[in-house]
Amino acid sequence: MTKYALVGDVGGTNARLALCDIASGEISQAKTYSGLDYPSLEAVIRVYLEEHKVEVKDGCIAIACPITGDWVAMTNHTWAFSIAEMKKNLGFSHLEIINDFTAVSMAIPMLKKEHLIQFGGAEPVEGKPIAVYGAGTGLGVAHLVHVDKRWVSLPGEGGHVDFAPNSEEEAIILEILRAEIGHVSAERVLSGPGLVNLYRAIVKADNRLPENLKPKDITERALADSCTDCRRALSLFCVIMGRFGGNLALNLGTFGGVFIAGGIVPRFLEFFKASGFRAAFEDKGRFKEYVHDIPVYLIVHDYPGLLGSGAHLRQTLGHIL
């Protein structure tokens, strides 16, 4: 008889839940709920379990916020809870709450070739460190290392490191944004809101008044080639993505590969392929050759957060991935 665990991927807007076959890691019965419709995460979980009529005693939920102890307060939502209390209330034997990019990193060993698009570099070196990052509402970052037959995720808040310009244009962008918001982190330019910041700074650098555009507007106009400013912003976004990815590769010697997740890049995939991303990734001066063979992959799996939550839980329960 198949034994299932509950897995989840929860952001500021939606909560996606599914079942994970503990033996195989296969994800099934995925369903997305609007967070605004429920008073708590526990309430959403109860609705899901009632709908699917499956006995579940183990669970792992990935959440887009730092996890530092028993009490979890979501960054972009009003939900807050005690992990121990929710575990008790649900009658679970085991409940893990992990960072969303911990989950994405743990999905990487489970991915197949059809879930990946490669952008340069050679083949990954087995057993070497891995980096994963992704732009969405914010900029998530994690590393993954293989130690004693186990995968160990190293999450953090790497999206909040300083934005490090490496061209005259980027330096002007930094100057304009610093005057507006003070500290300029990488997330301030590599995210949905970050794309808007790039567009606004590009226009303001020419002493013009920017339009009130959303990320979707900028992307659409750039792809339609109907707005030079939007196209410049999207091109610069791709270049800075490359620089940031190259920095991650240098930090930990990620010869196991650098992986891109998040919902933004797939929306302009062909544009990204033709952009200066890879050249910027390798633009490391004396260490250009060091990063030259490090492969970069775009993750195109539908549910990497669910897949990784399942992998994390299965490994915790003693399975070898």
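The backbone N, Cα and C atoms fix where each Cβ goes, and this holds for glycine too.
Since we're looking at a predicted model, the values are computed, not measured.
What Swiss-Prot says about this one:
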BINDING   GLY8, ASP9, VAL10, GLY11, GLY12, THR13  ATP binding site
Checklist outcome for this item: Same chain, |i - j| six or more, Cβ under 8 Å of GLY12 (ATP binding site); the result in sequence order is GLY35, ALA64, MET74, THR75, ASN76, HIS77, THR137
Checklist entry - Looking only at Cβ atoms, how many others are within 10 Å of the one on ASP9 (ATP binding site)? => result 25
Item to check | The one of GLY8, VAL10, GLY11, THR13 whose CB sees the fewest other CB atoms within 10 Å, among these binding-site residues | outcome: THR13
Item to check | Listed in sequence order, residues not in GLY8, ASP9, VAL10, GLY11, GLY12, THR13 with Cβ within 8 Å of the centre of the ATP site Cβ atoms | outcome: ASN14, ALA15, ARG16, GLY35, ALA62, ILE63, ALA64, HIS77, ASP100
